[in-house]
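Enquirer: Got a structure here, written out as structure tokens. Questions coming.
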Amino acid sequence: GLFCNRTWDGWLCWDDTPAGRITAQNCPDYFPDFDPTERASKYCDETGNWFRHPESNRTWSNYTLCNSFTSEKLKMAFILYYMAIVGHALSITSLLISLAIFFYFKSLSCQRITLHKNLFFSYVLNSVFTIAHLIAVVPNPGLVKRDPVSCKVLQFFHQYMLGCNYFWMLCEGIYLHTLIVVAVFAEEQRLHWYYLLGWGFPLVPASIHAVARARYFNDNCWMSVDTHLLYIVHGPVMAALLVNFFFLLNIVRVLVTKLRDTHRAESNMYMKAVRATLILVPLLGIQFVIIPWRPENRLAGEIYDYIMHILMHYQGLLVATIFCFFNGEVQGALKRQWTQYKTQWGQRRREHCSTRSTSYTATSITELPVYLYHHDSNNEQLNGRYIEDSELVALKS
């Protein structure tokens, strides 16, 4: 039968197509305003010739769907961009407030809170580096084209702080596991090992990634995510999440057993501490599970992008909320401080009012105008009365 010969239209290669058929394939991915999930099409007419556009009289392929949503995608890109900046700004604010609370209230000083402080510091630094990258690098194509070393250094620190975030979460899990399962509620532990794991170990994958990236995939500012070299950093992060999750499940098993057997208040207290970490670990790790599974459907893809941006860029806010603002000990300390403040304020107010009242009374008395009248005895009559002696007459104005 008749068919159209395979051809190259300048953008895509089209296979042999039977006459009267429309052939379609995914849009090319090398144009920034093209959506590779959309379809381009080409029509082979009944005579076995490729369709010619009536205006140009040249063979024509239909790429209109490839960039039909370009303006919408641009708008969404701006929304996601500002969502990321706002998320990290809120994270920094909430984390700094939390750190101020932890440092101010001495009653909250303990090893577990020390781990919280380090976790919060790592998230603050991660958000600072991320905002710097979003503001200085992402909207600046001229800088990306120049490819200075500084933007790669910034990317290195971003990858390092990402590792610190998750390894400090692992430190939280190891601490609770050692405290509850291994040492049976022994409070004091050697924290220098935690510092080594939380701040030291993430340097290893971050450094290996930097060397490998410079040698094998040295793109401008290391912005591309289309490389398996990222698993040098993401692999240990996912391993830390997995180990942490199993630690926490074992902790819950032990605590449930202890609560059932002894009903100790101590077990109940630790269960509350574990619950916060158990909620956070899956929330912080789910992004690494669903990253490869972005839906091809446009609406589902947009929903996916919003969820991913919330999970990635609002982590600091989430950590501060669960570990600090929802913490019963912190809430108790804040309530006690507020009650003490109200009591002191009320006492000062009463003392101030009392002092002011006494001062006002004394001032009122001293400010009364007093006049001295000297009357000659037996000579002057006042309202039918004789004044015998000198007297003081106080006249109120």
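For all residues, glycine too, the Cβ spot is worked out from N, Cα and C.
As listed in TrEMBL for this protein:
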type: DOMAIN; residues: 1-70; note: domain 'G-protein coupled receptors family 2 profile 1'
type: DOMAIN; residues: 80-327; note: domain 'G-protein coupled receptors family 2 profile 2'
type: TRANSMEM; residues: 79-105; note: transmembrane segment
type: TRANSMEM; residues: 117-138; note: transmembrane segment
type: TRANSMEM; residues: 166-186; note: transmembrane segment
type: TRANSMEM; residues: 193-212; note: transmembrane segment
type: TRANSMEM; residues: 232-252; note: transmembrane segment
type: TRANSMEM; residues: 273-294; note: transmembrane segment
type: TRANSMEM; residues: 306-326; note: transmembrane segment
Enquirer: Take the transmembrane segment (79-105) and find every residue of the same chain, 6 or more past its ends, with a Cβ under 8 Å from one of its Cβ atoms.
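Expert: Tertiary neighbours of the transmembrane segment (79-105) are 113, 116-117, 120-121, 123-124, 127-128, 130-131, 134-135, 138-139, 305-306, 309-310, 312-317, 319-321, 323-325, 330, 333-334, 337.
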Enquirer: I'm a bit unsure how to read this: which one of 193-212, 232-252, 306-326 has the highest number of Cβ pairs shorter than 8 Å with the transmembrane segment (166-186)?
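Expert: It is 232-252 that shares the most Cβ pairs under 8 Å with the transmembrane segment (166-186).
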Enquirer: Cβ under 8 Å, sequence separation of at least 6 from the ends of the transmembrane segment (232-252): give me the contacting residues as numbers and ranges.
Expert: 159, 162-163, 166-167, 169-170, 172-174, 176-177, 180-181, 201-202, 205-206, 208-209, 212, 271, 274, 277-278, 281-282, 284-285, 288
Enquirer: Mean pLDDT for the domain 'G-protein coupled receptors family 2 profile 2' (80-327), as a whole number?
Expert: 89
Enquirer: Mind checking how the domain 'G-protein coupled receptors family 2 profile 1' (1-70) divides into helix, strand and coil residues in DSSP?
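Expert: Counts, helix then strand then coil: 5 helix, 24 strand, 41 coil.
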Enquirer: Let me spell it out: take the transmembrane segment (117-138), skip the flanking residues so only those 6+ beyond its ends count, and list any with a Cβ under 8 Å from a Cβ in it.
Expert: 81, 84-85, 88-89, 91-92, 95-96, 98-99, 102-103, 144, 151, 154-155, 157-158, 161-162, 164-165, 168-169, 171-172, 194-195, 198-199, 221, 223, 313, 315-316, 319-320, 323-324
